[in-house]
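K.L.:
Handing you a structure now.
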Amino acid sequence: MAITDTINVAIVGASGVTGGSIVNGLLALTGLTVKITALTRPESLNKPANIQLKERGVQVVAANLRGPLEKLVDLLSSIDVVISAIYWGSLDDEIPLANAAKAAGVKRFVQSAYNIPAAARGVTHLRDKKEVILSHIQQLRLPYTYIDVGWWYHVVLPRVASGRTEHALPFGMPDLPIALDGNIPSGLTHIRDIGRYIARIILDPRTVNKKVFVYNELYTQNQLCDLVERLTGEMPQRRYISEKCVQSWLQEALDELERNPSSDIALGVVSLREVFLASNVHGTNTPEYAKYLGYLDGKELYPDFTFLTYEDYVEEVLDGMHSQTVA
């Protein structure tokens, strides 16, 4: 989609962490008018987060993604771009959303991806589900962009004994081991930069019907620990484990998911460990591998993009910033 004077964007999940970053990124765009419509569940219409969106000029409307297709098509009739930041337990709702977007003539559909680059099947349970949705989008011939962002900064933040980084870690985040020798690089992105990347991507005709990998910096697990040790004077725990141990660690989570197949918590644990294996053992979370898979490289697309460095992020954490959020 070419840049025009006005762009109408609908977001599913605008009140969440990722959705909030996307809203911020869109509202920060200059040189054009951005009209944002947040699609929310009817029962959530008057929740504080949605009221705050309204106060920022976002139109918040009730939408039942599992309701009559005609009503959803009507809501999207004036929309140029649909962006999903839907809760990962509700990914299947993107199927009717895509159907409505196609019928409404939406010019670009961005599904909820925002993870590490990976092969189409067999890497993570959530990736498999997202690829099914992407296949459906492609069968519709609905223009799309698939965006991956690597690990989020706060998910890989090392702990220290004093607890100075604890407030910035996701709720319930376990201590992550270090895979192999800890020297495999991995792409990292701060949550507030994700929305800014997406705002650039949806205005870029080069990214239509493409996968895009954006990231801020590459770090190994050892480099993350070295950085935190240098800035805090404390040595993070380094628990090195073999590939066999990572596989066993993952299998424990898979067994729990098999016992509780409807548990979002069990699926979340499996997903975290699958991503850990893929990125920190198999080395898939890199621009080189992403290019091999056919992704466009955000560094090449947007060489002028400024971002929060990981070192500056850690400094801000040590100053008490970046409160806990979900992973």
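From the backbone N, Cα and C atoms, a Cβ is placed for every residue, glycine too.
Below are the features I grabbed from Swiss-Prot:
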TRANSMEM  9-29  transmembrane segment
BINDING   GLY13, ALA14, SER15, GLY16, VAL17, THR18, GLY19, LYS47  NADP(+) binding site
ACT_SITE  LYS130  active site, proton acceptor
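How buried are the listed features, and what sits near them?
P.N.:
Sequence-distant contacts of the transmembrane segment (9-29), counting only residues of its own chain at least 6 positions beyond either end whose CB sits under 8 Å from a CB of the stretch, comprise 35-40, 44, 47, 49-50, 53, 56-58, 60, 63, 65, 75-76, 79-87, 93, 97, 112, 114, 191-199, 202-203, 325-326.
Counting only same-chain residues at least 6 apart in sequence, those with a Cβ under 8 Å from the Cβ of GLY13 (NADP(+) binding site) are GLY19, SER84, ALA85, ILE86, TYR87, SER112.
Taking Cβ-Cβ distances under 8 Å and a sequence gap of 6 or more within the same chain, the neighbours of LYS130 (active site, proton acceptor) are LEU91, GLN111, SER112, ALA113.
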K.L.:
Counting Cβ atoms within 10 Å of each candidate's own Cβ, which of the binding-site residues VAL17, GLY19 comes out highest?
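P.N.:
Of the binding-site residues VAL17, GLY19, the highest Cβ count within 10 Å belongs to GLY19.
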K.L.:
What are the non-local neighbours of SER15 (NADP(+) binding site), defined as same-chain residues 6+ apart in sequence with CB under 8 A from its CB?
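P.N.:
SER15 (NADP(+) binding site) has long-range Cβ partners ALA38, THR40, SER44, LYS47, ALA49, ASN50, LEU53.
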K.L.:
Please state whether DSSP places VAL17 (NADP(+) binding site) in a helix, a strand or coil.
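P.N.:
For VAL17 (NADP(+) binding site) - judged by DSSP and reduced to three states - the answer is helix.
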